[in-house]
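Heads up: the structure comes next, in structure tokens.
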Amino acid sequence: MLHYIKFFNFYLSACLGIVVIWMGGLYIPIGFAVYVTLYVAGDALLGDDTSEPALLNKSVLDLMLYSALPLSVIIFLSSVWLGTAQNFAAVTTVSNWLNYDLYHAKQNTLWWHKVSGVAFLGLLLGGVATVVAHELVHRVASPLAVCTGRWLLAFSFDANFSIEHVYNHHTKVATKDDPATAPRGRNVYVHFAKAFIGTQKAAWAIELKRLARVNQPILSVHNRCIRGWLMSAVLMLIAFILGGTGGLVMFVCVGINCKFILEVVNYMEHYGLVRDPRQPVKPRHSWNSNRKVSCWTMFNLPRHSHHHAQGAVPFEKLKAMPDSPTMIAGYITTIGIALIPPLWFKLMQPKLEEWDTVYASAREKEILAKGVTT
């Protein structure tokens, strides 16, 4: 049972994070700092989880995943509420229950508190919505799973990730044709801009081919890319109706931050790795991590080596593969390092040298010898 419970961990911490947002003022930046510190310290002190238990209760596993949608709605509404000058009836009810005036606290929330709120809410949304969506959109045989995953991604204006990630990234990872793989020497900020544009172009190209194959017009409801954009537009409209301009702006900022975090994660998962596109994807083509807190709060996403070697394997069956190339640290820590390019390049250099020596095939060494950079 413990192995089931551990995957509920992020939902509990996300709920606590939402309460911190509602409390407003200094609670927001302090709560964000405590939240990040606990995750960084947890990964550093608790070590790795290489267990591979047989989790057979599919109903419980699905409950974990599909619970992400209502929780993401709450994060979305919290974003709108933080940005608007208005109050929500539900918040008044919570205020009475807590005996704490949440609306008054919000009125005393300064601009820099709200900036930290954008960072906090973006991280919460990424952990709840994006991570679970990543799991669900791989279940291509289930329309419910894919649809739910796309709505989760719509909160970060990225429903079309469901197309590009499954049908482009997983086939082209660690090659120059994958916009989500960062070559050596590229910093994370340049990568975000290139990946943001490149993944949208790739998704559109894939969808155009599919529409031609099924003989459907481009400008129609059959176009999944257009539907994906409309899903986010619906959320923006709801944000505006509920919270006016302030609520809409806050939601957009949180959503963009969430998308940025996704691309930072893509950046650090495959940075500097190369592959002959004629050869299959192997565990060595991803940076892996078995850190306990990261794995428990991200549905084993850090077990990325196995995920890319066998993309259809569900999260509960991913192997630890401790002999795969290992990431610098846990995910939150590595995100922080990636945001400081000089530090990132310094710490990754020995990792890349080890990969070149220990993991790279003869053909991959030839590719590296030609100089694969930004």
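Each residue's number is its place along the chain shown, starting with 1.
Heads up, the Cβ atoms here are built off N, Cα and C, so glycines get one too.
Caution: TrEMBL annotation is automatic and unverified by curators.
Sequence-distant neighbours of the transmembrane segment (7-24) (same chain, 6+ residues past either end, Cβ-Cβ under 8 Å): 31-32, 35, 64, 67-68, 71, 74-75, 78, 81-82, 91, 94, 100, 102, 105-106, 108-109, 113, 117, 120-121, 124, 127-128, 131, 296-299. The transmembrane segment annotation in TrEMBL covers 7-24 (among others).
The transmembrane segment feature in TrEMBL is assigned to 68-91 (among others).
The domain 'Fatty acid desaturase' feature in TrEMBL is assigned to 110-320.
Feature annotation from TrEMBL assigns transmembrane segment to 111-133 (among others). Long-range contacts of the transmembrane segment (111-133) within the same chain, counting only residues at least 6 positions beyond its ends with a Cβ under 8 Å from a Cβ of the stretch, are 10-11, 14, 17-18, 20-21, 24-26, 28-29, 31-32, 35-36, 65, 68, 71-72, 75-76, 78-79, 82-83, 148-150, 152-153, 155-156, 158, 161-162, 250, 253-258, 260-262, 265, 297-299, 301.
Residues of the same chain lying 6 or more positions beyond the ends of the transmembrane segment (229-262) and with a Cβ under 8 Å from any Cβ of it are 75-77, 79-86, 88, 114, 117-119, 121-123, 125-126, 129-130, 150-151, 154-161, 192, 196, 335. The annotation transmembrane segment is assigned in TrEMBL to 229-262 (among others).
A Cβ distance under 8 Å defines the sequence-distant neighbours of the transmembrane segment (328-345), meaning residues of its chain 6+ beyond its ends; these are 36, 39-40, 42-44, 185, 187-189, 261, 264-265, 267-268, 289, 291, 293-294, 298, 301-302, 351. What TrEMBL records for 328-345 (among others) is transmembrane segment.
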Determine which residues of the chain contact the transmembrane segment (68-91) at the Cβ level, with the cut-off under 8 Å and only residues 6 or more beyond its ends counted.
11, 14-15, 18, 21-22, 24, 102-103, 106, 109, 114, 117, 121, 124-125, 128-129, 131-133, 148, 151-152, 155, 235, 239, 242-244, 246-251, 254
Taking only the residues in the domain 'Fatty acid desaturase' (110-320), give me the average pLDDT of this model.
98
